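Written below as structure tokens is the structure these notes are about.
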Amino acid sequence: MADNLGEELKPPCLITPRPTSSSMAFPKKKLQGLVAATITPMTDNGEINFSVIGQYVDYLVKEQGVKNIFVNGTTGEGLSLSISERRQVAEEWVTKGKDKLDQVVIHVGALSLKESQELAQHAAEIGADGIAVIAPFFLKPWTKDILINFLKEVAAAAPALPFYYYHIPALTGVKIRAEELLDGIQDKIPTFQGLKFSDTDLLDFGQCVDQNRQQQFAFLYGVDEQLLSALVMGATGAVGSTYNYLGKKTNQMLEAFERKDLSLALNYQFCIQRFINFVVKLGFGVSQTKAIMTLVSGIPMGPPRLPLQKASREFTDSAEAKLKSLDFLSFTDLKDGSLEASS
Ligand SMILES: CC(=O)N[C@@H]([C@@H](O)[C@H](O)[C@H](O)CO)[C@@H](O)CC(=O)C(=O)O
């Protein structure tokens with residue numbers, strides 16, 4: 001992936017390098033490649049099903065070739081869990097991922113600064129590889145400086161952990177442009193290491209990359225159906241829900257892109273789009289992601305937590321037929337007991 005923004009991409013108008021304040025080098029290598037936004041498995045009575053997380057780690061690594069995870073984010077229903085549950089989920093992923101996963105990033109965003117700080121500190125204590133934070137979305141920060149102040153306070157609770165800003169304006173309602181936020185961010189947040197950009201505004205994303213070429217930031221794109229466009233803009237990695245079950249296919253797209261075989265990469269992207277387009281038309285979100293992952297992996301993800309509703313049997317049946325027609329799923333991939341969506 002475009003880690004280096006290679007020579008051929010450098011425009012003649014290269015901007016003056018900005019001094020980097022974060023020579024506070026982290027031992028970890030830069031977060032890159034695919035990052036699965038993990039689902040939080042639940043039992044039918046709505047409790048977290050910790051018992052399948054070990055199996056889930058093995059599935060991601062062995063079957064999907066995905067070795068980085070993003071825990072307790074949107075897909076993980078992080079904001080629907082109690083603080084105690086979020087701690088336990090984070091701990092379980094770190095424990096089960098030890099020596100198997102490359103990086104475990106924990107989303108610690110919350111409406112309460114105190115809770116966010118507690119989660120950040122906890123992530124550091126359990127040995128996570130990074131933390132990410134969304135903008136608070138009830139009482140909202142309306143300016144860049146206020147948002148930075150909030151993020152800075154959270155980051156300071158885990159001063160040795162790489163910090164990522166999770167930009168997802170459609171869900172938070174905080175529309176401060178990422179480009180604006182990144183301007184001089186390391187002066188305020190020395191642990192800032194990157195951006196998780198879950199938005200379709202590729203002008204904003206491209207400018208984040210372009211204006212920070214001298215930094216070693218990770219630019220992680222979060223709209224799976226248009227990842228290829230973001231790669232062209234300089235994405236260094238991607239965080240998303242579909243990498244749980246389309247990781248292998250998406251990795252093939254990344255490999256084709258790396259080899260500069262754009263036509264093949266585009267074929268993969270279109271193929272992935274055909275599936276996402278299909279499920280989006282049926283109504284697609286976290287509940288449906290849980291149903292698809294159950295179907296594809298055979299690991300029971302269970303229902304989502306209220307206010308989300310379990311995916312319907314019709315949805316699961318249609319998704320299964322589409323996966324098969326696209327050759328994303330063969331009969332041999334189907335595991336016993338995988339068709340558990342309700343009607
Ligand atoms: C709104 C949303 O859930 N977006 C997903 C995408 O992976 C999304 O499911 C995918 O692009 C299909 O639309 C991710 O950006 C979310 C994510 O990374 C997370 O769970 O934290």
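Glycine too: its Cβ is placed from the backbone N, Cα and C atoms.
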#### Entry: Per TrEMBL record, range annotated region 'Disordered' [choices 1-21, 85-105]
1-21
### Query
Where does THR75 (pyruvate binding site) sit in the DSSP three-state scheme?
coil
### Sparsest Cβ surroundings (other CB atoms within 10 Å) among the active-site residues TYR166, LYS196
TYR166
## Note on the structure
Sequence-ordered recorded positions within 10 Å (Cα) of LYS196 (active site, schiff-base intermediate with substrate), taken from THR75, TYR166, VAL239, are TYR166, VAL239
#### Entry: Distance, TYR166 (active site, proton donor/acceptor) to VAL239 (pyruvate binding site) (CA atoms, angstrom)
10
### Message
Tell me the Cα distance separating THR75 (pyruvate binding site) from TYR166 (active site, proton donor/acceptor), rounded to the nearest angstrom.
### Response
13
### Task
Work through the binding-site residues one by one (THR75, VAL239) and point out the residue whose CB has the fewest other CB atoms within 10 angstroms.
THR75
